[in-house]
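Structure, as structure tokens:
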Amino acid sequence: MLVAIIIHAIIQEYVLDKINRRMHFSKTKHSKFNESGQLSAFYLFSCIWGTFILISENYISDPTILWRAYPHNLMTFQMKFFYIAQLAYWFHAFPELYFQKTKKEDIPRQLVYIGLYLFHIAGAYLLNLNHLGLVLLVLHYFVEFLFHISRLFYFSDEKYQKGFSLWAVLFVLGRLLTLILSVLTVGFGLARAENQKLDFSAGNFNVLAVRIAVLASICITQAFMMWKFINFQLRRWREHSTFQAPTVKKKPTVTKGRSSRKGTENGVNGTVTSNGADSPRNRKEKSS
């Protein structure tokens, strides 16, 4: 956690603050830019590290390793260190809420965001589902990295929208792949395993109740993320349609008909003169 706090401060001071001083962002954009800058760096690093573990341990060539030989209580050093680093980063996010002077109205959203990460990462680690957790984390981090890097480009140029379009497609595909891999691993792979007995000493949690709880938590989280995603897209669509809507100017209405008797006597085109007795016609009659 201390290392994560130090790295966070270095990125903030030597990278993000310098860009903020050049761009002159508003307070709202300033906080969002800092958030996206920190998270994009973390997601990129985690994706590269996680992908290296997947390749080195042949997860991609043999998907059955996700559920075969469960429980996976024997972990390689890099796998264990990866999970410790993930937990340390998300635990460090709590004191960062104070250091970054997060607004009170944004704190509940941040707490939910951090809590979901800690819940799922710690759950995969403690239930010895670290193989499945690693694959899902790399998949999720890649999609989130694309979103935050697109938001950084958007802050520098508000006409940039291509990254968000690509992110929207990959976000939906990411949720679908997450559900497929979870059901395939927990619902089919572990359900057909021979050893289905709760054993804390051996780290075996392959029982029906635990499998249902794992699938329920994953499905509820994916549904929650899709609900937030749909609301986000609808809000962007409304803002875009409002911005693109042409402004219609009303033409001045001209009323036809007789002008009032007072207007014909004391004014021109219905406008009253300062002194009706000094109109050009009256002055002509006086001179004659």
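Any Cβ shown, glycine's included, is placed from N, Cα and C.
The annotation compositional bias 'Basic residues' is assigned in TrEMBL to 248-261.
The annotation compositional bias 'Polar residues' is assigned in TrEMBL to 266-277.
Among the features that TrEMBL reports, domain 'TLC' is placed at 31-240. Summed and averaged per residue, pLDDT over the domain 'TLC' (31-240) gives 91.
The region 'Disordered' annotation in TrEMBL covers 245-288.
Look at TrEMBL and you will find 41-61 (among others) tagged as transmembrane segment. Same-chain residues lying 6+ beyond the ends of the transmembrane segment (41-61) with a Cβ under 8 Å from its Cβ atoms: 11, 76, 78-79, 82, 86, 89, 131, 134-135, 137-138, 141-142, 144-145, 148.
Annotation comment: TrEMBL describes 81-99 (among others) as transmembrane segment.
Marked as transmembrane segment by TrEMBL: 111-128 (among others). Remote same-chain residues near the transmembrane segment (111-128) are listed as 70-73, 83, 86-87, 90-91, 93-94, 134, 136-137, 203-205, 210, 214, 217-218, 221 (criterion: CB distance under 8 Å, separation of at least six residues from the stretch ends).
With a threshold of 8 Å between CB atoms, the same-chain residues lying at least 6 positions outside the transmembrane segment (134-154) that come near it are 32-33, 35-37, 39-40, 43-44, 46-47, 50-51, 53-54, 59, 66, 79, 82, 86, 120-121, 124, 160-161, 163-164, 166-167, 170-171, 174, 177-178, 181-182. Summarising the annotation, TrEMBL assigns transmembrane segment to 134-154 (among others).
The list of residues near the transmembrane segment (166-188) in space but at least 6 beyond its ends in sequence, with Cβ under 8 angstroms from a Cβ of it, reads 66-67, 129, 132, 135-136, 139-140, 142-143, 146-147, 150, 211, 214-215, 218-219, 222, 225-226, 229, 233. Residues or ranges marked as transmembrane segment by TrEMBL: 166-188 (among others).
Look at TrEMBL and you will find 208-230 (among others) tagged as transmembrane segment.
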Within the same chain, the residues 6 or more beyond the ends of the transmembrane segment (81-99) and with Cβ under 8 Å of it are 1, 3-5, 8-9, 42, 46, 49-50, 53, 75, 107, 110, 114, 117-118, 121-122, 124-125, 130, 133-134, 137
